[in-house]
Structures are given as structure tokens and as C-alpha cells.
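**Q** I am attaching a structure below and will ask some questions about it afterwards.
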Amino acid sequence: MSVVFRHDPIQEEDEDEIEPHYEIELPKDEPPTRCQRFMKKISIMGTAFKDINPPIIMFLVYVGWAFGSVIQAEGIYLRICENDYNETQCSNLESNHRRVEDEVQKKAADWTLYQALAYMSPALVVDTILGAYGDKYGRQINILLGIMGVAVSEYGFLLTLSESVYAPFYITTIFGFFAGMTGFLAMIPVSLNALLADRTNDHNLLTLRAGVLSAAQSLATVVGGVLGATLALSTPIYSTIKLAGAVDIEIAIFGLAFIFVFLKIPQKPGQQQRQRASTLSSNSQMTTESCGDFFRELFNLLKSGFNVYMKKRPGHRRGFMFITVVMLMVTYTTTIETRLSPLLNRYVFRRNGLKWDAFHLGIWNAMGYFVVFIGTFVFLPLFKKVFKFRETTIMIIGVLSSALRSLGIGLATETWHMYIANAVGIFSEMVQPAVVSFIVQLVPADEIGRAFTLFGIAADLAFIITNLVYNNIYKWTVTWRPGFMFEFIGIVELVVMVAVTWVHYQSGKEKIGQTAALTRDTTRSKLRAVSSEIPSHPQFGTNFGEKRHSLFI
């Protein structure tokens, strides 16, 4: 590459006169030293921690959620039993006939299905509306609504588990329906991931920030599980505050998260959000000022959300989106069903099985989430910044790890088998941060928020579909092979991994996520070369050299 400079002042043209030219060959960039590369990686990783508010919110929400799930597990199991049997039978299932516990297991599976349908059916529609709403106006309201929904749902369990109120168990489904109208728990991580995407342009940095968010979720579950197990083990404290008091503590944690969001996350679109909101308004032709019809605005929000998922895209991008979301559904479902689900609780509480109690469940869950915290917090930056793995490679590793963990739980007959299964699942929580970064590469900027809404819909569908399928599988197989449901989940994940492998291969051929990075690096390289050579030319002297830093850096 050469740059030509005119030496003399511009004069009248003379065909016989030969103009002198200077050709400057631009030098190649010197490669950075190993120390410089290391410091750059440290700097990028440090940048991932600058936006700390979303991880704090995630931490508070999931500390409360994990604490409540552990502390309520035994009480809910006993409460379901007492719907059909007396307190004496339910307190001594091991000494009773095995048939009684098998029936309680089946009843518990039915109640899990009813509760999932109650709060996820409305959430399917609400999540899409709120996702498009967040694109226009900001994320604060969505996060606040999600926290409110979780707190409302837990208040229903408080009423039915309280010894003084002892409300009928079906009241939990009523509270669950109203909780679903807020988007429920899935709305919180969806909105927080969208918030990170609003604030982050570099998809590599976005992967790390999403990884920090996922690590905060894992660490919160560790803390919540340990707190719940400790409280269950401490008989004097537990007998003083009772189960209802423990649920009060959980709701108070949600209240703290609500206040933090209200103070730290403004309901104001950032620059990228304002651009997306402008595009959304022009495409759907809906503004409150122009139509003034609230219900029509909701309909247009819903329509614009689904258009993002159905429109044609270059290459196989639409197929990539759907396969990625199916993978997210399966892995998210696996996380729920194999960590904090009512079915898992009943699986490990069986007197003819592992014979666990709330303490053992809490410690096992805490250790499991600590393992995935290490996997996400340590290995995700290693895979991304050192080994330069693509997002799809990380997805494949995560799905495989999750599948092996599910198979291990299904095959477990001893307590130590369950801990081995947790260790194998060390990479299972890498899927979500990789998906966040991958989706950003598939859709334009004005559709990112609505594309992230697909995460929430996937989570809601996962709750409904898996409770329809997995609950029935568990009911049909609990008497002869209780772990079959978890083995089935592992097989489903392996099938999904095959589809993701195709996405990895095809997206590599289409150079998704690579073209922009190559263009950016090439441009910067050329600018550095030009800016280093031009000041040495006598035509410009030293003044240009003094000013070039403001032009190129």
C-alpha cells in the first residue's frame, strides 16, 4: 500500500513537466508483546465488572428464590400428603406401606403441573408485550414487575404453609395466575440481559458481562441454599420463626431487590434503546399520541414482537435463532428440573430412595451452584479470551455438560453419586451467556430487545411443556424407575446438541460474528500505519504530528 503526496504548489498544468511524487510504504504493525496481550485481556475482563448493578439485582433475587425453595421443600411435600392422608401417616412415610408414598409422589406431580399452567399461561403473552415495551421505554418497569410477581407467588405459599392460616393448597394456583401477569421469574434475567445488550456494543465483552450475570445467579443460589440448609438444621431457630417466618424472610429479600432496582435502574432508554424505540414506532406506526388506544398499542407490541421471530433473514439466521431458543428451552428446563424443582425435591425425599431432608438438599444445591459458578466465572473467560472459542463452541460444551449431569442424577443410587453428577455439570451454565452474545450477532440493533423476549417466551414454554411431559413421565415411572425422567432429559439434551453442532458448522461458513471484527481490526491497523508515517514527511512538519492523536485515537 502506498500514499502519494503532491510536492509543489498547484500551478498551471504543463504537459512537458513531470510532477515529482513521493511514495511512502506503510510499515506492518509490530505484534504486541506477551505482556501487552495479557494486560489487554485483564483490562477487558475488568471492564466486564464495571456495570455491577445487574449482577447485584440477580444476586438478591436468586438468594431469596433459592432460600425459599430449600426451606419450603419439605413443608410443601408434607402439605400435599395431608390433603389425602392424616398427619400421622404423612410424618412416617418410611414406616407406612410403599403405596402411600407412591401416591403422594403422583399427587405432587399433578400439583406441580397445575401451578406451572397457572402462572406460565398468562406469562406467554405478557413477556412479549413487556419485551417490546422495554425496547421503547426502558427496562426498570419490567424488572420491578418480575420481582413483584415472584413475591406474590411466594405469598400464596406463605398462606398455605402458615399454621395459623393453613389456607387450602389450591390457593397457590390462584396467586400463581396473578404472578404470571407480571412475567414472573423469567422476566428478571431476560430484562437484565437485554439491559446489558443495551449498554454493550462489543459482543465479546457482552459474553463476559452475561457470564458475570450468570455467575452472580449461581453464587446467589449457593448462598441461598446454604442459608436454607443451615436454618433447617438449626432446630432452635427454626422452631422459633416457623416455616411461615422463613417465607417472610424470603419476601423481605425480594423487597430489598425491588428497592435497589427502583433506585439504581432508571426507567429511561439509553441511546441504543432510543434508536430501537424510534424504529419500532415507525415500523408499527403506533404511538400513544397518534392512536391513544391502549389496547391497540398492546396488540401492536405483541405483533411487532412476533414479527422479529418470523421474518426472513439472510442465510440460515432465522433457523439459528429457533435452534438456539430450543436449546435454551431445554437447558433452562434442565436447570429448573434438576436443581430447584418440586419434582427433584420429591425424588430425593423418597424414603425408599436417597432419603434426603431439607438440609441435604440445600447443601447439595449449594455445592452444585458453586461448581457452575467456578465453571462460568473461571472457564468462560478462559475459553473466550485465551482459547478464542466461538459462542457456538461454548454452547456445545455447555449442553454436553448439562446432559451428562442429568444422566448422572437419573442413575444415582447413593448420595455421593449426586455430587459426582454436580461436578460433571461444571460447564452447564455457560449456555445462557453464549446465547446472549450469539443472538446479538443475528439480529439488527433495533430488534435486540424483542429478540431477547424470545428467551422469556422460551422459559415460559419450557415450564408448561416440561410440566406436561416430565410430570407425566415421572408419574408413570416412579414406581419402577424413579430416575427415568432425568435420564430422559439427558437424552433430549444430547439430541439438541446435535442440532447446535450444525449451527456451529453453518454459522462458521456464513462468518457470523467474524466479518465485523475483521473489518474493525483492519481499519484500526490502517489508521495506525498512516498516522505513524505522515508526520515524518517534510511537507507537513511537526504540527500534524502533535495533532494526529486527536484524530486517530
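Note: Cβ is positioned from N, Cα and C throughout, glycine not excepted.
Keep in mind it's a predicted model, so treat the numbers as computed, not measured.
What TrEMBL records for 56-78, 141-161, 167-196, 208-231, 243-263, 319-338, 358-382, 394-413, 452-470, 482-505 is transmembrane segment.
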**Q** Quick one: find which recorded stretch in 208-231, 358-382, 482-505 has the most Cβ pairs under 8 Å with the transmembrane segment (319-338).
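**A** Selected stretch: 482-505, with the most Cβ pairs under 8 Å.
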**Q** Ranking 167-196, 243-263, 358-382, 482-505 by Cβ pairs under 8 Å to the transmembrane segment (394-413), which is first?
**A** 482-505
**Q** Looking only at residues six or more beyond either end of the transmembrane segment (243-263), which have a C-beta under 8 A from one in the stretch?
**A** 53, 56-57, 60-61, 63-65, 67-68, 71-72, 75, 140, 143-144, 147-148, 150-151, 154-155, 157-158, 161-165, 228, 231
**Q** With pairs restricted to those 6 or more apart in sequence, evaluate whether the transmembrane segment (167-196) and the transmembrane segment (56-78) have 3+ C-beta pairs under 8 Å.
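**A** Checked: the transmembrane segment (167-196) vs the transmembrane segment (56-78), in contact.
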**Q** Short question: which residues 6 or more past the ends of the transmembrane segment (358-382) have a Cβ under 8 Å from it?
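**A** For the transmembrane segment (358-382), the far contacts come to 45, 66, 70-71, 73-74, 207-208, 211-212, 214-215, 218-219, 221-226, 228-230, 232-233, 339-340, 345, 348-349, 394, 401, 415, 418-419, 422-423, 425-430, 433.
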